[in-house]
Amino acid sequence: MSGDHGHKDSQVDSGSRVNDSHKHKDKHKDKERKHKDHKKDKEREKSKCSNSEYKDFSEKKHKDKVKHKDGSLERHKEKDKHKDKEKRREEKSKSSSVDGKPKKEKENGFASPPRIKSEPDSDDFYHSPKHEKSLKRERDDDDYELKPKKIKTENEKKAKKRKQEEDEDEDIKPRKKTKDKKGGEGDAKKKAKKEPEEKWKWWEEERYTDGSKWKFLEHKGPVFAPPYEPLPSNIKFYYDGKPVKLSTPAEEVATFFAKMLDHEYTTKDIFRKNFFKDWKKEMTSEEKSKITDLNKCNFAEMSEYFQAQSEARKQMSKEEKQKIKEENERVLQEYGFCVMDNHKERIGNFRIEPPGLFRGRGDHPKMGMLKRRIRPEDIIINCSKDSKHPKPPPGTKWKEVRHDNKVTWLVSWTENIQGSIKYIMLNPSSRIKGEKDWQKYETARRLKKCVDRIRAQYRDDWKSKEMRIRQRAVALYFIDKLALRAGNEKEEGETADTVGCCSLRVEHIKLYPELDGQEFVVEFDFPGKDSIRYYNKIPVEKRVFKNLQLFLENKQPEDDLFDRLNTSILNKHLQELMDGLTAKVFRTYNASITLQQQLKELTSPEENIPAKILSYNRANRAVAILCNHQRAPPKTFEKSMQNLQTKIDAKKDQLSEARRELKSAKADAKVQKDEKTKKAVETKKKAVQRIEEQLMKLEVQATDREENKQIALGTSKLNYLDPRISVAWCKKWNVPIEKIYNKTQREKFAWAIDMADEDFEF
DNA sequence: GGTCGCACTTAGAAGTGATCCA
DNA sequence: TGGATCACTTCTAAGTGCGACC
């Protein structure tokens, strides 16, 4: 079968990974040293491959890497770069307009021009007075894969829904007496009553095919961070043992540090250095001359004050808490929704990020820098011309109001740490996100149809005369087999040193002709996204192994493993193999196909619902391991395991006691032979059975928790697993969908829940 | 053809609040 | 009833990949 690519052997069972925030030597890197052997290398390759295509690429790479050599220029360059970016953005905004000719957009299978249809009014809609015309769109008939299923009649649908609810009830009834956890089915039923009956089924409608994302967009703009509230006068900051009254801007930045005092960050040298540098920029000249050493600063009183405040918040009365809740709800109702093409849609993040200290992951060179406060003057608003534009706070103005319907964001601003753009976008349950998600899984399903051909091709390419093709083929093999990320090149000194497949360096792999009884083993050990360690030992095919040996020849540890390859070359090649194919599609495909296979393998028809859910979680876990989705073990992990073990021990004692009682009851019954003692035996028997079941449950829970210690299931569930596989599985085995997806997840995957039947095949 | 900016997805951590249990 | 625990939500960093531009 196309989907089977040995994942189970290579990673699913790989128990050797460790979650370890990767500590990185500051090896990275003297660029000249890094490439000092390239000339030699190139000559070697020339003689081996008699290939001319490869030769310029490494030179180019070399040139690029040298260009930021002078660290002293970085800040100026950064400033200039930001200015440059801003300028370009401004120019772009001038030229970008909904009225302009739409640029060609490649949308897999989205190909026909839109046509506005009339749509009946509904409570779900939220009309703008300026926008009365309806915006239903037309679908292309050729669009087979993404074609929504035939719309059922209302009666059919209701009957089916009722039937489903009845079926679910059957499952739910016996467990109703037991715990009714949040997100559990009982709860879900209660909540379902509150949810509006009819949700907008965007997946049954036509899609835009001209590259536009919307025709009408209206929103209230962002919610800004609350202004800084100065500390009470009795809370002091001390320098060198003496109290120092700070100016308000300096005090505000000091509080950012004080709030993080308990965090490991504040012990890190880079963090402290960056913080102090940026803090000084906020100080008055007098403060600057007085406060010269961070080690002499004492933030303890501030820190205690914030801790006390946090404690006080926890201790607030019910009424006070309720008041805050209501206020939050009011803000949500006002700012948390927008109107996009006649539908009220939830916004994902409508609050502007508050100022604070930058928390980069891993050994981030910029950690501790001051994330400045974002003001209305930094904000670009995106909405439609004919909408009611959001108003800036009194006395301020927006940087710009733009009407670009080729993008999905509502608000954007440029952050000051990396100079990148931040956005306010819609919630995952929105049409715009859902369509994209659906499309992603359809692309992955198309890969399924041609993956055998692609695999045959890259295996063939392992023998190519051209080094660049061999490298491409080996890299693709890793991306496919190990679900590695593409590995874009990164600007040095700007971010933590992390890599993906194409950016692997020699130091990240070790080759073993034989290891633990296996031939041709490759050991990977590198910091991946978010500086999460990827550690894996896998046996590979001989030809891959030989190729890797060749790639490593005459290279230094800090040299690129694939020096003839980058993500752009790889993706260009993939695009030729299949329309819309990129490196990340392999991750989606392999994750989804693994889930489907594992579910088939692990689900036993005779199992009860909890056992089936355990099987589902195990299948999900197999994918999480494949994708290396790790988490730091919860701080309370050891303790909670200990508590669970105590419970298990107590339950075991209880079981022994119950068994003893049963034995003695049996003995009594033997002697007395009356109804009363017989009944007592039955009661004791039942008690033993019940305790045995409880014990088993606790033991399963312990196993599950232990297996999940360092594995995060959520990421794969939300981003890589085609939800239709899970929905079909639930329908097939009568498992309530609420057991697999919580409310938010059900909203995100509403399209899949509605359209997938039990016989859906990825 | 390469570089860079932009738009968007993917990611783990932190924060919050509901539920459990002594 | 209140503290502990855990599921869920929010936050925002860190990736990918496309396309404009030089």
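The first residue you see is number 1, and the count goes up from there.
Just so it is clear, glycine is given a Cβ too, placed from its N, Cα and C backbone atoms.
Residues or ranges marked as region 'Disordered' by TrEMBL: A:1-198.
Positions annotated as compositional bias 'Basic and acidic residues' by TrEMBL: A:1-11 (among others).
TrEMBL lists A:22-39 with the feature compositional bias 'Basic residues'.
For A:40-108 (among others), the entry in TrEMBL reads compositional bias 'Basic and acidic residues'.
Here TrEMBL flags A:116-157 (among others) as compositional bias 'Basic and acidic residues'.
The compositional bias 'Basic and acidic residues' feature in TrEMBL is assigned to A:181-198 (among others).
Look at TrEMBL and you will find A:307-334 (among others) tagged as coiled coil. Note on the coiled coil (A:307-334): mean pLDDT across this stretch is 85.
Summarising the annotation, TrEMBL assigns domain 'DNA topoisomerase I eukaryotic-type' to A:357-734.
Under the heading coiled coil, TrEMBL lists A:641-708 (among others).
Every protein chain considered, the tally of other Cβ atoms within 10 Å of the Cβ of A:Tyr720 (active site, O-(3'-phospho-DNA)-tyrosine intermediate) stands at 25. Feature annotation from TrEMBL assigns active site, O-(3'-phospho-DNA)-tyrosine intermediate to A:Tyr720.
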What kind of secondary structure is A:Tyr720 (active site, O-(3'-phospho-DNA)-tyrosine intermediate) part of, going by DSSP in three states? coil
